[in-house]
Structure formats: structure tokens, C-alpha cells
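What follows is a single structure, written as C-alpha cells, with notes after it.
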Amino acid sequence: FLVLKIANVNWQSKLNKAAHHTSDYSSTEAILRRGQAFSITLNLQTAVQSGDNFTFIASTGPSPAESQQTKAIFNLSEEGASGWSATQEPSEPGCMNFMIFSPADAVIGRYKLKLQIVSGNKVSSTFLGQFVLLFNPWCPNDDVYMANEEERQEYVLNDSGIIFQGLEKYIQQEAWNYGQFEEDILDISLAILDRSLNHQEDPAVDVSKRNNPIYVSRVISAMVNSNDEKGVVEGKWNGKYRSGTNPLQWSGSVTILRKWYRGRYKPVRYGQCWVFAGVMCTVLRCLGIPTRVITNFNSAHDKNINLSIDKYIDVSGKTLHLTEDSVWNFHVWNESWFIRRDLGSFYDGWQVLDATPQERSKGIYQCGPASTRAIKEGDVNLDYDSSFVFAAVNADCVTWIHYSKKRKERIYSDTRKIGKFISTKAVGTNSRVDVTANYKYPEGTSKERQVYKKALKLLGVRRTGKRTRIRRRSSVAWRQNMTQPAQKPGISGKLILDATPVIGQDILLTLALKNLISDFKTIKVKLRASAILYTRKPKAEILQLSRSIKLGSEEVKEISFKISYSQYKNSLMDDRKILVTAVCKIKQGASLLVEKDIVLQDPFLTIKVLGPTVVRKAVTVQVTFTNPLSEVVTDCVLRAEGSGLLKEQLRINVARMAPMESSTVQFEIIPYKSGTRQLQVDLVSIHFSGIKGFVMLDVAPA
């Protein structure tokens, strides 16, 4: 008998990639999705003997085993026990065509494929090559199956997007380059799985669990932050970023992931919530799990999960750090789409994952997947971390004036409702979609009350707001009774901006106070302005004023004041956020707290593309921007990036700009992918934080 000799193997790259929706990956390797057939052609040097028996062996991970589903042995035309199978298709003379099927619950990752031929008494084994197997949202039997094609295009194949930031009353669009198909990103995503603590502990068991999106997404939520296992991004929230990159200056995940990979897995400095969420979205989309980025405005970080956020201030309105709880202007996390075999089909669909290192879950900084249905129904006892996410969108905010260790007074403030305008980018466009209804029933309905009570009971929270281990008590009080209610002060107040605040200019404000009853009052007002981060942590005092006001029966009075540029210019953080508070104390009466968050607007940056955009054709981009300050600015850098447009980030030095001067810069791009592309441009300087802009381009095929 002659042993069959194979001249070469054709992995039918173009054909398979088109069928498996993997044409976008910048790699020559075979990239395939599970639960779907792929073709492979063998070009032969010798003829096939009639009695030849063909057996295929597919294996993945460091120690492949059939018992762990990391090795599959299957013969031609019979489905193996593993669910893998192969059939022979008609072919030209001198070659053989095979269709190979993987099961819809196969382990994802890089595989080796071998062919064993038994010819008479001779056995020969040939290595056919490697391929990568991914999750398959197009396959109805895959746990990540998504039925709608437009949604798959957005949540799996769109490599750019929008992350919402700012304030509930001033929502800003920030562009983000996910770049999941760019060079090396798939290899990096697989390397992230291999660097996890689970993999270090038991590689064989870890790899065998990679068929499950619940497991894979949870591991990635731990690996995207650097806290436990030298993961990808190191978080920092205190405003000095000299030994790394300011989190506001990232505009996409590709630079970050490559830096981590090329720097031998040293965590990349620094990230804040949107950076963790942007990077996690890239990795999960890259592996084939439909994923989107979510922003929750007025997001509670409830450390002890008693659904109450206590904030302490002194008599002048200064924030006192007496508690670990906080309310962030916004917080960004992810949702991924898959079914919950562990919880039951009611909890299928969007699952919350949060890679920002806030609290430990089972000993590690990881969060999720928590089913959005579980959060909406108050099922806070369900895996994973649904209580933490429930608190982020539902906790109550209580403010106290702290006089001494013995004495505190609950102050009335028009409560900032927690969990507002929960937002994500729309399918197919850049508009904002409000998904708050996926997280909670309408505010004030009996259903919302019922869910809140159920959550308190499951968490074992007593009416004092203290956690209790005894769950027998049925006195789970509704939220008003959680603490003594604040006395209503008989006045109302509002802080009003007289004009849109722009960086480099004075900020004009008015405090309007109204007497709600027919009596005469004297009110002591203490106004304070501080520079804050988006976590609402005060970083620097800007201004303090005291006033005394007399209000007659139902009278309205206004106090106007300004925060000048010279007052805020040296204390403003890169977030460009200022918190203004007014503590209004009625003589022999209650107090009122009035608050306003201000975001200073950036000057605009305009981007013009001078000509049609076509694959492999150079086109000029013109960017115009203005120095917003009344002083000379030196050493600015203009940066541009965009998947399918620029393979690496482009940097152009802008030497000097006079006060309020406009400047124009031109550069060239050569698009390398067709379709809708996002070009981002920003101007970075040590004098002001990045001025950003983006433009969507429709690139025609060559």
C-alpha cells in the first residue's frame, strides 16, 4: 500500500470567511464560527486507495482531552460523540474537498487540525493546519444567537461606536474606536483568556469552560482591569496621570490592547469607567459575543449594598469623606447578549458586565454577567452580582449636615434620582437610545415599589438602612422610612446658568430662592464651587461666598455671582466639571441644599474630508481648531485614528498658538476597508484637556 501524500492544504480562506462573517479580521489565518460548516481542500501527490479510512482530530488548549471537550476525533461521514463531523464533497481529480462541522457549543479558541489515514496496516498522520473558532451569533443553536441581522451588524461587526458621558441634563457623545478586527486584536483577545487567574490555576479546566459565554465574559470582566492578575488597564481616579496617559486622552481600544501585548502584559496606565467598557466591548465583539456599551447617569456606588447612599457635608456645604458610598455623574458598563442556562430562560437576553474595579466579587475585581431581567424584577440574589447593579440604578441618596460626631441633620434636597437616562448607541446610527425601561419599572408605580421591597428583603436591609443577617423580620419599610425624613424647609431654590459655560471664559450663575409660605424669613446662604471628577469627588476649592437674604411672604429673590476664569483655571480637572452647592439655612428652621453640576464646553474642532473616500486611494483631511484660552499655548499634538482608515494612530505636532487663534492642519489618509468608518481627531495639550471631534465616512470599495 502507498501512504497517501498531501502536497498542500487549501483552507478556502475567502469562501469560509464570507460564510462565517469573519472577512473583516486582518489576518490570513482561518477564522471560523462554531455550529457552522467550513470547507477545506487537500491537493494530493498520490491517489486515494479504495480502502483508506480518514479520521480527523481537532484539538485546542495545552492538554487536549475528549473528556474535557477540548479534543474531537471524528471519522468521515459519521457524527462523532463530540458533535464534530466531516463529509467528503465532489472535487477535481488530484484533490479532495471536505466539509467540517463543529458543534454549536464547541470550546472557542485556536485549534489544530490533524488527519489520520489508515491504509491497510499503515497509519499516517498529517497536520493540516490551525484555525480559530469563535462564538456564532448567526447560529440558532449557539447560546449567543441573535435573530436580527441589523443588531448583529451593530453589536458584533461594528468596529466603532459612541460612548455617552457628561451629565443627565447635558449628555455628550464621545466617539470610540473598538477596532476588534485590526491586526493582532484577535490574538490579544485570546492571550487575555490565557493570562487569567483561572488559566494560571488549571489551564485544562479553564479551556474546557470556554464554550460558555457566561464563563468567558466573566473572566474578561476580571482581566480588563489590572487589579488581580496584571490585566489590561490600570484604573486611576485622582487626577495626576504623569506616569501614564490621562484616561480622557484615549480614543479607542486598539492602542491600549497593543500596548499591553507588546509591553509583555504590563498593565496600561490609566483608565476610568468608559475605558474599561470600551476595551471590554472590543474583546467580546472580537470573540463573537454581541456586546454594547451602556451609560448610567447618576450612578450609585453602594459599597455596603443597603440601597442607601449617605453623603455628608459640613455647614458650608463642603463634602466630608465619612463614607465610601458615592454617586457618580455617570458610570459606563457593558451588556452582552446570551442565554442563561444557569438561571432559566426568563433571564436570557442582555447581561450586565462591568470591568471597572469597584468591588470584589468572589474575591476578585469582576462584575457580572447580571441579567437585566433579574435587575428589573429585583432578583438581587441571582448570579452574578445583580445586587451591585441593582443598587447602581436604584439606591436612594440621603444628604446629612454633619455638625459633630453626636449630631447630624438630614438636609432636604430635591433628590438626585439615581439611575437616569440609561443610554446606549442606536442600531445603525449614532443617536442615543434610552434603555432605562430594561432596568426598572416606571418611577413611582406600584410595581417599582414592589420590586424595591423585594430587593430590600432579599438583601436583609432593615428600616434603619443597616444590613441584617436575620431575615425573619417582615418590617421591610418603604424607602421614606429608611431614615428619619428630612424636614421640608418651606423654601425652594434653584441654581441657574446665565449662559453656556465655555472653557476660558467666566461662568455666570444665579441662585433663585422662593418662600413657599406666607411668613417672613431670614436665610443664611453659603455658596461653594469645587472642581470635581465625574465621580463627583471634589478635587479643589474654587470659590466660597456667604450671603444673608430676607424673604417676605411667597417672595422670590435672586443672587447673581460669577466664577471667573482666573479663579477656576488652575484648579479645573481635565473632566472640566464644577460642582456648585448652596446650603440655605433658615433662622431657627430647616436647611435646604441646592446643587448644580457644570461641564465647561470645549471649543469646536471641525473636520473636513477634501474629496471622495475610496479604498486604497489617498485623500486629504483638513482640521480646524481654536486655542480657547487667552494665553499662548505651546506643544499641542493633533491625533487621528480610525479603524479601516489608519493602521496606527497619527500624531502631528502643533508648535504654537496665540490666544484665541484658529489653526488649520492637513494630513492624508488611505482607507483600507470599505463601509461606514469613523475618523476621530483630537487636540491634546498640557494647558487644556483634549478637544475632540469625529466624522463618519462612507468608504467605497476600490
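Note: Cβ is positioned from N, Cα and C throughout, glycine not excepted.
Record features, source TrEMBL:
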- Cys273: active site (ACT_SITE)
- His331: active site (ACT_SITE)
- Asp354: active site (ACT_SITE)
- Asn394, Asp396, Glu443, Glu448: Ca(2+) binding site (BINDING)
- 265-357: domain 'Transglutaminase-like' (DOMAIN)
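Note on proximity: among Cys273, His331, Asp354, the active-site residues of the record, the Cα nearest Asn394 (Ca(2+) binding site) is that of His331. Each residue contributes its Cα atom, and for His331 (active site) and Glu448 (Ca(2+) binding site) those atoms are 22 Å apart. Averaged across the domain 'Transglutaminase-like' (265-357), pLDDT for the predicted model comes to 95. Checking each of the recorded positions Cys273, Asp396, Glu443, Glu448 against Asp354 (active site) by C-alpha distance, the shortest gap belongs to Cys273. Within the same chain, the residues at least 6 positions away from Cys273 (active site) whose Cβ sits under 8 Å from its Cβ are Trp328, Phe330, His331, Val332, Trp333, Thr356, listed in sequence order. Sparsest Cβ environment among the recorded positions Asp354, Asp396, Glu443, Glu448 (other Cβ atoms counted within 10 Å): Glu443. In the domain 'Transglutaminase-like' (265-357), helix, strand and coil residues by DSSP number 18 helix, 41 strand, 34 coil. When each of the recorded positions His331, Asn394 is scored by how many other Cβ atoms sit within 10 Å of its Cβ, Asn394 comes out lowest.
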